[in-house]
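Engineer: Here's a structure for you.
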Amino acid sequence: MYSNKDFDDQAEPDVKDVKRSSYGRPGISVEQAAAGVVDVDAKATTYVVLACIIAASGGLLFGYDGGITGGVEAMHQFAASFFPSTVNAPDRDFYCKYNDETLSAYSSVMHFTGSVASFAASYFTQHHGRTRSMIIAGTAYCIGAVLQGAAKNTIALLFIGRIFWGIGVGFGDHCAFIYTAEMAPPRWRGRLNTLVQLGTISGIVVGTGINVGASFLEWGWRLPLSLAAVPGSILLLGGLFLPETPNSLIERGYNDKARAVLEK
């Protein structure tokens, strides 16, 4: 993003002076470059774009859930196994065909857990880093996929799996926006940050498509639930192999590491 000559650890110019003479290459500290105080000809390199794309899979988690949940609940084999009262339910009310409290709880528990987990994600992301939050999100989402895909004649695994999905979405959505915003150069920040929203919409589209194909299989409901491990794995691997953001490193006192990331 930045070249080594852009930095001067010794110089601490006034912010106004930096803005007035940004093209004159005044001494710019690592902290100022990381915070985007001034854009010192930073470029959106392939490395940066790929990092932002992988991190944006945090939005994919939420979108994928939205794309598959309603369709899975409508599949006959799934309903017969776990929510028999909804099988062949008459269309008495356009807005509430499936008048089943347990099914409603199953649908909403992920959203409730996600909202609660976002508070924990806020603290954890600030004090322990963005990539570690990505690891938690990806791991939780994969666990949820395995539990729900393996469920058989009991709703316990379904609910526990949904709770893990909520943790994954709460941490994933929180760290995805922050990571892409902090990794992107100032000029490209808005454009690259929209990748998270693109990931959400892509998850809805992909999830819906998988539901359509799986609906022709007797065990088809297991397929979309199990395949949720794919976006979860992408985010998990991103957390393991992507670098921490410069801002997070500086907040925790790792200035040398922040410089190394900025220079990539």
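Placed from the backbone N, Cα and C atoms, the Cβ positions cover glycine too.
Bear in mind that TrEMBL entries carry predicted annotations, made automatically and left uncurated.
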Engineer: From the ranges 36-61, 192-217, pick the one that TrEMBL records as transmembrane segment.
Structural biologist: 192-217
Engineer: Between 133-156, 157-180, I'd like to know which one TrEMBL lists as transmembrane segment.
Structural biologist: 157-180
Engineer: Averaged over the whole of the domain 'Major facilitator superfamily (MFS) profile' (51-264), what is the pLDDT?
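Structural biologist: It averages 90.
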